[in-house]
């Protein structure tokens with residue numbers, strides 16, 4: 001259109017070089033077409049060549065970069081085996097079934113992918129012992145997880161969840177754990193989110209094998225009583241299920257510091273002026289040291305996290321805690337320090353299972369406050385329970401909260417019982433996490449009773465903030 005809205009008339013004008021131009025319909029009645037001059041063809045070919053070159057440069061033909069990790073090379077392209085993806089089949093992303101008596105499973109040779117979902121089913125035979133050894137494991141802590149089930153489905157008992165970093169094992173630093181299933185099967189599921197990825201994992205599995213190959217200090221022997229099972233027959237001066245515990249380290253500094261007693265528990269017997277597991281510390285000594293008791297738990301239900309413990313006489317009382325399977329979980333355990341034996345009490349009633357609570361001992365009573373109750377809702381509670389050691393029974397208390405005070409439901413806090421100048425006995429609850437207020441700096445004070453008076457263990461509840 002011309003200025004003023006008039007239509008352009010006259011013969012068509014020649015096309016400007018290098019530009020597209022529509023050819024108007026002529027008297028021949030043909031449809032509109034596009035005209036392209038020589039310079040434009042050169043430009044078009046140039047762009048097309050650059051695009052193809054960029055695509056070829058970014059690709060990684062298997063002839064040039066080596067063989068495919070989990071696949072085969074066909075016409076310079078990796079054809080991945082089922083469950084593997086990537087231009088070199090270097091990332092797991094699917095399901096696998098392993099039926100060999102031993103082998104390895106991994107996410108791939110490099111960092112795992114974002115939003116990875118991989119599942120491995122290891123099939124042994126019923127009731128066989130299957131061991132998983134995590135030779136390398138590095139995932140984004142608390143976000144990327146490996147789940148291990150003792151069975152062939154997610155409905156089997158969950159026995160381990162791993163996330164973070166496992167330090168590679170070296171001599172004297174036996175930190176690589178073994179996860180053991182007893183059903184003859186194992187299901188492993190790995191999941192990663194979309195934010196961050198690490199080098200992943202390399203896991204060795206074996207069916208009906210000895211733990212840690214007896215640590216190089218024994219031989220794997222078939223059990224006489226159960227022919228389908230094996231055990232470690234340890235060399236001299238070594239003990240433990242995996243022959244990884246020396247009887248007497250450094251021979252107990254013999255003869256000056258002590259000697260190795262090969263009878264009984266096979267421990268170091270120190271001379272009067274020496275002490276410690278290897279008789280290397282003076283008496284008296286300013287150094288602290290650990291001793292590993294020769295204890296075998298009475299059942300797997302001993303394992304737990306975020307539990308609490310108090311000492312009363314020769315017993316350590318362990319209450320609550322988090323575990324994967326609560327079917328055989330015992331809320332209250334005690335450990336005899338003299339006999340090194342675990343015991344479980346038979347309780348008819350008591351509080352629900354919980355973790356992140358606090359314990360405080362006063363006379364024959366253990367006060368348990370707060371924590372996260374292990375229910376579908378996972379509520380943080382303000383319940384106060386008292387366990388009487390003599391009768392081994394629970395009772396619940398409902399404190400009277402003062403008008404100006406407030407009682408907080410918390411987990412991850414600490415509790416301490418102390419005597420005030422007024423001779424009142426109080427339990428102090430320090431800090432903790434509240435589902436409503438988040439991490440709190442409040443200190444709660446629970447008045448139990450006056451020390452020398454006969455009382456029913458509570459008067460009131462106060463709270464103040466720092």
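Backbone N, Cα and C atoms are what each Cβ position is placed from, and that goes for glycine too.
Taken straight from TrEMBL:
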- 210-220: disulfide bond (DISULFID)
- 234-243: disulfide bond (DISULFID)
- 92-208: domain 'CUB' (DOMAIN)
- 206-244: domain 'EGF-like' (DOMAIN)
- 1-22: region 'Disordered' (REGION)
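Packing against the domain 'EGF-like' (206-244) from elsewhere in the chain are residues 101-102, 122, 124-125, 127-131, 133, 174, 178, 180, 184, 260, 266: each is 6 or more residues past its ends and has a CB under 8 Å from a CB in it. With the fewest other Cβ atoms inside 10 Å of its Cβ, the least crowded of the disulfide-bonded residues 220, 243 in this structure is 220. Mapped onto DSSP classes, the domain 'CUB' (92-208) shows 0 helix, 59 strand, 58 coil.
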